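What TrEMBL records for this protein:
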DOMAIN    A:7-193  domain 'Survival protein SurE-like phosphatase/nucleotidase'
BINDING   A:12, A:13, A:43, A:97  divalent metal cation binding site
């Protein structure tokens, strides 16, 4: 018999997101589950850490389950969980996020992914789950909820059976807005949104700006296409070490130029 | 004659960092320079974006130069600069950060890098500069300041001459604490700090926690080693697309397992 797997459950939406309850339902029989989340929603915080001020940790009881609340980011959650709540977990699961986390652009700014990527720097495998829906109500629609719970569980069970894929640090799972049993491995699109800024004026007439994104045209053979056009479940493997793979020759001329000038 | 290069100068330390003035000095003759920075220091915000509240943009005049201040993160700066201040820049330079930005761990949570990586998602080449010093005073020490200014300029001039290396999205430059003309291309270490959390009590006796990092043992042949042990200038090329390169076979068994269960 093996020791119970220590699973850290987190998200970037805080304790009251229905996505958290869904993911807890999916993992509850797979091991010993610790739930540690940001106390307030922290979407789009990326891998940000709170270093300039201290964080608080509080405990909440919801549906007979203890939830630890951290006054910080999803990345803070990883370190607080490891050092204060549970010790190093065997697996981190994050989500289920309301809204997809598709494309390089979104992956690197997402708090849902931030928790998982921060964990992977610590050598802890992680899986982020996101659903391409617009509201908690859509996520909670009974048939859809059942689909997300069952599929998340199957993905994690499969992972525990086959082991984390070699050379992969984290997995990013996105569910389409429709119920399906089709699943693909997809590389991410580079961008999901074009950057837009809208100017408004406050009651004193002073300008302020909203940042928002407008979907860009979808590239074929990407995570965005798989989920939004094909209605499939997309799994994207993330390998942090590869960030810095490059053809040595491509940088050679540049390096030589610098050296000449520095020594000249 | 070519059109003046449109250069966006930013950082994660705000308008009063001496690193900003040093980098402005380094780039001022290379093109038309727009300075847009977070209005308050935003270290360790990674690629975080401000989407849940609006941002303000203010203008400040320092040493006859206009500086635009954004009430947000370094990533917000990129979008505000593009949409409100200058249009799409040709090049983004970020820094000079006080403190190194070495290792995958630090690169992905750094605000200095956050600006540059966010720009690279928009197809804008960027270079982040960081100096391995502990204080503004060290950065401003006249000989050291001259070293940083001259070398940053040489690196950028070389880049403009040879073009951005193929397949590379951004460059991460770290200066050692000592003056040198030795420069190497280095892959990043995975981690720079072990995670630590220290518990304190407030005057009411309630606990709070500080997150901080303690340097881990330095891997050879990494950016950390090059800068801190060898005292060399390290340049690390970053390729975002490679984050998602993986051997297809490694994920195959896992995918088959999921498919069997989903359809079973």
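Using N, Cα and C of the backbone, Cβ positions are placed for all residues, glycine too.
Automatic, uncurated: that is what TrEMBL annotation is.
Within 8 Å of the centroid defined by the CB atoms of A:12, A:13, A:43, A:97, the record's divalent metal cation site, lie the Cβ atoms of A:11, A:17, A:19, A:41, A:42, A:74, A:95, A:98, A:99, A:110, A:111, A:112, excluding the listed residues themselves. Residue A:97 (divalent metal cation binding site) falls within a strand segment according to DSSP. Proximity to chain B (Cβ-Cβ distance under 8 Å) holds for the following binding-site residues out of A:12, A:13, A:43: A:43. Between the binding-site residues A:43, A:97, A:97 has the most other Cβ atoms inside 10 Å of its own Cβ, all protein chains included.
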